[in-house]
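Annotated features, as they stand in TrEMBL:
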type: DOMAIN; residues: 1-174; note: domain 'Formyl transferase N-terminal'
type: BINDING; residues: Ser109, Leu110, Leu111, Pro112; note: (6S)-5,6,7,8-tetrahydrofolate binding site
type: DOMAIN; residues: 203-300; note: domain 'Formyl transferase C-terminal'
Amino acid sequence: MNIAFVGSPQISAKILEELHKDGFNIPLVISQPDKRKKRGQSVDLSEVSTMARNLGLNTLKPLDLNDSAFRKKVEAIDIDFLVVSAYGKILPGWMLNVAHKMCINIHYSLLPKYRGASPIQTSLINGDSETGISFIKMNEKMDEGDLIKTLVLDIKKTDDKISLENRLSTLAANNIAGVLNSVNINSFNLNKQNHKDASYCIKVNKSDGRIDFGDSSNNIINKFRAYKGWPDSYFLYKDTVIKIHEMHELKDAESGISGEIINFDSNGIVVKTSDTAIVITHLQFPNKKIISAQDANNSYSDFFLKS
């Protein structure tokens, strides 16, 4: 069984590794182009590109999926299944015809809920108690293909984007072989999505990480969980962007107006929200290391407490 794997981030790299461990022949990996770092001449490879290199797999990183040279290379390879996981671009129609058996997309929500680019973040922002994985037969429409298999996963109160992504990746990696084998022997059923129940999520931007303390504490914490790792959560204070790395809610807070620092000591920076308060225990100033509230209290007390 020949598998062409298409993906980019860490959540996809684990699946590629598992396919290789399971003995599938992977003649082709397609990932996003390398990104040049701002300083120096080194480049950043996607996590899938790095995994493919470590496994010795043939990898293509096209700038344009419709490039004729790229297309010729792909169409020259004997492919039974095209497996897609968080590649980052919509595939053109011709790519959906390169596999002899099926093109399968692994989507990180219970479709038709959260079609689009940020299902994991959106489930956390909305405070959902469960999410899951949908294995779908791809078509030319975004995340609208028929369902091959769905798997449900509970969202823990302690989950953030990084931990939930890791759990979903493990779930997908542990089940992809079974999905491929069932389709290969035609032992599966396709179920159409109910398009009337569809909801959508959009690509996350860096500016989305900005915290509005006029919101409720619950919403702020959910946003913090959703954007852990990237773009991270931050607030603007005295024209300075300050990243938040750890926080929790303080329900019995003093009175004050939203956004006001109502207390600051070694235990944390207490900021009033619309209903209770948030305690920031670990933070980061621009171009500085992450520090605890205790260190911040020693070094930045005047910055936070003096007007």
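Backbone N, Cα and C define each Cβ position, glycine as well.
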CB-centroid shell, 8 A cutoff, (6S)-5,6,7,8-tetrahydrofolate site Ser109, Leu110, Leu111, Pro112, site residues removed: His107, Lys113, Tyr114, Arg115, Pro119, Gly132, Ser134, Asp143, Thr150, Gln193
Among Leu110, Leu111, the most crowded of the binding-site residues [Cβ within 10 Å]: Leu111
Neighbour count (Cβ, 10 Å) for Pro112 ((6S)-5,6,7,8-tetrahydrofolate binding site): 19
Helix, strand and coil residues within the domain 'Formyl transferase C-terminal' (203-300) as assigned by DSSP: 21 helix, 37 strand, 40 coil
Chain-internal residues, separated by at least six, CB under 8 A from Ser109 ((6S)-5,6,7,8-tetrahydrofolate binding site): Arg115, Pro119, Ile120, Thr122, Ser123, Thr131, Gly132, Ile133, Ser134
Mean of pLDDT values spanning the domain 'Formyl transferase C-terminal' (203-300): 95
